[in-house]
C-alpha cells in the first residue's frame with residue numbers, strides 16, 4: 001500500500017488559526033450594540049441642533065430689526081410732543097390706535113368745533129325743531145325769562161315751592177326785620193308757626209302725621225303719639 005504524503009505541520013497550523021478566530025467573532029453577541037449606537041447618535045444630533053439654534057438667536061439679537069424700530073418723538077409746530085407712528089399709512093388707517101398721540105402740550109387745546117366730531121354728529125339724536133313765528137305776525141316776541149339757578153338758599157314763594165304731603169321742608173335763615181335789635185334776643189328770631197319757641201337754626205318741619213306715615217311704611221307702630 002503506497003504511503004500517502006503527509007502535509008507539513010506548518011501548513012496545518014496555518015489552517016487551524018483562521019478557523020478559531022472566526023469562531024471567536026461569531027460567539028461575541030453584537031445584537032444589543034445597534035440600538036445603543038442609534039440612541040447615542042440621536043442624542044448627539046439633538047445637542048448639535050439645539051446648540052446651532054441657540055447660537056443663531058444669540059448672534060441675531062444684537063442686530064436691530066428694521067421693521068420693529070423704536071418710536072421717535074417729534075416736536076410739532078404747535079408746541080406738542082408727538083409719537084411718530086412706526087406703521088405704514090395703510091396700517092394706521094385700518095388701526096384706530098395707531099395714530100399719533102400728543103404727550104406734552106405747551107398751550108391749551110383748541111376749543112371744540114360747534115358741530116362736534118363726525119362720530120358725535122352721527123350718533124347724536126335728532127334735534128327737536130323749535131317752532132318759528134309766522135312771518136305775518138309783526139309783534140316782537142320775547143323769549144320767556146328763565147330764573148337763574150342758584151346754589152345758595154333764597155326765600156321761595158308759594159308758587160315756586162308747593163307743599164307736598166310726606167315731604168320735609170327746611171326753613172332758611174331770614175334777615176332781621178329791625179336793625180336795632182340785638183343779636184340773640186328773642187325778637188330777632190322768627191317764631192315757628194303755631195309755637196312760641198324761636199327758630200334758632202335750620203330745622204325740618206315735620207308733623208306727627210308725617211312721622212306716623214313713615215312708621216307705617218316701615219311696618220312698625222309709633223309709640224307715644
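Glycine is no exception: its Cβ is also placed from the backbone N, Cα and C atoms.
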Region 'Disordered' per Swiss-Prot - which of 107-149, 150-192: 107-149
In Swiss-Prot, the member of 87, 93, 195, 201 to which phosphoserine is assigned: 195
Annotated transmembrane segment segment (source Swiss-Prot; candidates 13-33, 34-54): 34-54
